[in-house]
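Listed features, source TrEMBL:
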| type | residues | note |
| --- | --- | --- |
| TRANSMEM | 30-53 | transmembrane segment |
| TRANSMEM | 109-128 | transmembrane segment |
| TRANSMEM | 148-168 | transmembrane segment |
| TRANSMEM | 180-200 | transmembrane segment |
| TRANSMEM | 212-234 | transmembrane segment |
| TRANSMEM | 272-293 | transmembrane segment |
| TRANSMEM | 340-359 | transmembrane segment |
| TRANSMEM | 379-396 | transmembrane segment |
| TRANSMEM | 403-423 | transmembrane segment |
Amino acid sequence: MAVKSARRVNPSQKRSSKASNIKLFKNPKVAFAFALLLCDAVLVALIIAYVPYTKIDWDAYMSQVSGFLDGERDYSNLKGDTGPLVYPAGFLYFYSAIQYVTGGEVYPAQILFGVLYIINLGILLFIYGKTDVVPWWAMSLLCLSKRMHSIFVLRLFNDCLAVMLLHASLVSLLHQRWHLGLIIFSGAVSVKMNVLLYAPPLLLLMFKAMNIGGVISALSGAALVQILLGIPFIMSHPFAYISRAFNLGRVFIHFWSVNFKFVPEAIFVSKAFAISLLIAHLGLLTAFAHYRWCMHEGGLFKFLYSRLDPIKLKLALTSSFSLKKSYNSHSSIKVLRKEYIVTTMFVGNFIGILCARSLHYQFYSWYFHSLPYLLWKTPFPTLLRVMLFIGVEFCWNVYPSSLYSSALLLCLHLVILVGLWSAPPEYPYVDNKALIEDKGK
C-alpha cells in the first residue's frame, strides 16, 4: 500500500497568504488597474471591428520582411513602398514572426497588435503602481488617447513593439535586474533606434547601481545582442547594414513634422538647426544630471570621478569579464529607489523628445505613456496638469500639423520641462529598512 506524502503547510502562513491576496485586491489602485485593462480591451476590440484600417507602413514592412526571408542580406536591397529599410535587424526578426503568425494579413495583425497594446498597458500600470506617484484615478489618462489607439491597432507601427520592450526592460530595472534589463533594452533598440533616447539616463543609473565591472559586463551583453542579430548582414554587407540601420543623420520631411512645423523649411533641414538641437539636448541632460539626478552625490562630475577613479577603474577592468564577479560587482553599491529610476528614465527621454528635430505622428508613442507620471512630478496644481495633458493630446490630433499646433506643442513641452526642473531633487537610494520591507513583499 502506497503512502501519500505531502508537504505540510503552516496554517499561519496560509492565513497570511490569503490575507495578503485580499489586501492586494482591496487596494484601489490594483482594482482600478484591472478595470482599466478590461475596459480598454473592449475599446480596442471595438476599434478593430468598426474603425477602418489606415494603410501606411504595413505593406512596406511586409515587402522588406519578404526580401529578407527570400535570402536577401544586402540592406541596400531591402525596400518597400515607403523606401529603403532603415531599422536594425531585430525589426526583421520580429516582423518575420508577425508575418508567420498573421500570414501577412492586416486583420489578424490588428488583433495581435491589440494584444500588444493591452500587454504594454499592463506593464505600464505595474510601473505606475510600483512608483506610487500618480493617483489611482489619473492612471485612466493612459487609456484616453485617440492617437495612441490609432498608432497601435490602425497603423501597426514598429514603434509599438519597441516601446513595449522598453517598458519591459524598465520593469527589470525596477527589480534591480540590470543585466536582463540591458538585454531587453538592446532588443528594443534593434526594433527602432528611438529607444536610444533613454540611453544617457540609463547609463547614469547603471553607474549608480553597479561598479565599473558590472557596467562593462551589462553593456557587453547589450552589445552582444546587437552583434548576434546583425551577423547575417554584417558578414555579407557590413557597410550597407551599419550605414542604413544605424543612420543618425537622417533628415525628415518638413511637412510631417508635428513639433517644428512653424520653423521655415530652409532652417528645418539645415545642419545648423540640427547641431543647435543636439547642443540643447546635451546641455539639458548635463544640467539635469548635475543639479537634479546627482545632487546628493555633490554633482555629476564629482559622482563620475568617484566611479571612474583611475585605481578603481584599473581593478574593475581586470575583473570585468569574470562572470561571477560581474554579477556580484554591485553588491556593495546602494540599491536605487524605484521612483528615482523611473523619474530619471522618463525625464531623460522627455528631454530627447523636446530636442528632436522632427516628431512624426507615430513618435507620440515614444513618450505618451510617461506624460501622466511626468506631470505629477511637477509642482503644478492638478487642474493645470490635466490641462497640459489635454493640450498635448490635442496637438497630436491636429492633422496635418500646422504652424500653430506645432508651436503650441513646443510651448507645452517647455512648460512641462520647467515644472520638472522646479521639482525638488529625489534622493536616489533605498535605506536598509525600506530594502528589507521590499524584499519581504
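Every residue, even glycine, has its Cβ placed from backbone N, Cα and C.
In this chain, the transmembrane segment (340-359) lies apart from the transmembrane segment (148-168): fewer than three C-beta pairs between them fall below 8 angstroms, excluding pairs fewer than 6 positions apart. The stretch from 30-53, 148-168, 212-234, 403-423 that makes the most Cβ contacts under 8 Å with the transmembrane segment (109-128) is 148-168.
Below 8 angstroms of C-beta separation, residues 24, 106-107, 110-111, 114, 117-118, 121-122, 125-126, 128-129, 136-137, 139-140, 142-143, 149, 152-154 of the same chain, each at least six residues beyond the ends of the transmembrane segment (30-53), sit close to that stretch.
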